[in-house]
Amino acid sequence: MALPAKTLVQAAANSGLRAVSVRHSSQAPKVALLGAAGGIGQPLGLLLKQDPLVAHLALYDVVNTPGVAADLSHIDSNAKVTAHTGPKELYAAVENADVIVIPAGVPRKPGMTRDDLFNTNAGIVRDLAAVIAKASPKALIAIITNPVNSTVPIASEVLKKAGVYDPKRVFGVTTLDVVRSQAFVSELKGHDATKTVVPVVGGHAGITIIPLLSQVTPSTKFSEEEIAKLTPRIQDAGTEVVNAKAGAGSATLSMALAGARFANALVRGIKGEKNVQCAYVASDAVKGVEYFSTPVELGPNGVEKILGVGKVSAFEQKLIDASVPELNKNIAKGVAFVKGN
Ligand SMILES: NC(=O)C1=CN([C@@H]2O[C@H](COP(=O)(O)OP(=O)(O)OC[C@H]3O[C@@H](n4cnc5c(N)ncnc54)[C@H](O)[C@@H]3O)[C@@H](O)[C@H]2O)C=CC1
Ligand SMILES: O=C([O-])CC(=O)C(=O)O
């Protein structure tokens, strides 16, 4: 269901963080999905297969890719689907990709932190990034795999080692924090959820997740008590899902939606439609920390402009200050993992 162009432009102007468009250009983007057979990978593949901007969807996993690809390829949308299974087929999966989305790796179980996934997932992201560095160094890379605060520095260090690092092209996907904030705020305030915009800055774990409730669109007043309840709910929303799934994994469906929204935004940027998304990127937005999520303007080369945290409340500034040492710990751990290997 396409909206009139004027409505889209207006929507983009009003709510830069969530505008979706169906504008076409001559480019035919290839999106590679690594971890395509997993809990996130399958519904994310479903959404990407339906994205009219995606011309080629390359599915990669270490197991079960042919079945997922056969299933998705029967959907009557235009994206071509290819299956790639196991490390020998990774190069072909990512070669010439415009966007690479990575949900490969293990999820949490109750009682675990995201950092507890480091030992398994750090090596997975490192090895995927090493092949991307050779096969598709110009691709925009969207990393979903946790702990995002560390896996983004890991991928970046691998690309640096290979001499192909471009800080504008590596993203930690924090869109789910934005999606959740928009759901919770609209539920609390009776807003239209599809027109509510909440920027979330920092990182993607615990206290590093910082919703900017002072910057909600439409302009919304919160009591101190509401802020004191809503902020930790957003920070702990992933754990809420992990506990509800009781050992069966973490958020997959809401993450698939968030991942598809972010991938669509990257593709629109590539096609020349600048748009604004929150993402965890190499950034000078906040002093004393090398990676930070803020709204960023996306364009043909990935990050066009870092828009920063904007005007924040005293409460939000305290959260930002507290996130810096935590992020630095997560970043140093990722960097050391690559440098020491
Ligand atoms: N950034 C975010 O907001 C979120 C991140 N996550 C993270 O996403 C990751 C994936 O979660 P789920 O899909 O639920 O897990 P899952 O276990 O259901 O799926 C992971 C998939 O990765 C595949 N895989 C493992 N090693 C691989 C490798 N070397 N190359 C390619 N594929 C490989 C597995 O075969 C499996 O199909 C986890 O690390 C989780 O913590 C989850 C939710 C939100
Ligand atoms: O909580 C987890 O482990 C998965 C995740 O990152 C999220 O749902 O935000």
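Cβ coordinates are placed from backbone N, Cα and C, and glycine is handled just like the others.
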G35, A36, A37, G38, G39, I40, G41, D61, I144, T145, N146, M255 bind NAD(+) per TrEMBL; candidate in N96, N119, N121 listed for that same site: N121
Length of the line joining the Cα atoms of A37 (NAD(+) binding site) and R180 (substrate binding site), in Å: 24
Span of G35, A36, A37, G38, G39, I40, G41, D61, N121, I144, T145, N146, M255 around NAD(+) - largest C-alpha separation, Å: 18
Inter-residue C-alpha distance, R114 (substrate binding site) and G35 (NAD(+) binding site) (nearest angstrom): 18
Under 8 Å by Cβ from R180 (substrate binding site), same chain, sequence gap 6 or more: I234, A237, S254
Substrate site, defined by R108, R114, N146, R180: further same-chain residues with Cβ within 8 Å of the Cβ centre: P107, P147, V148, H204, A205, G238, T239, V242, S250, A251
For the domain 'Lactate/malate dehydrogenase C-terminal' (174-338), the mean pLDDT of the predicted model: 98
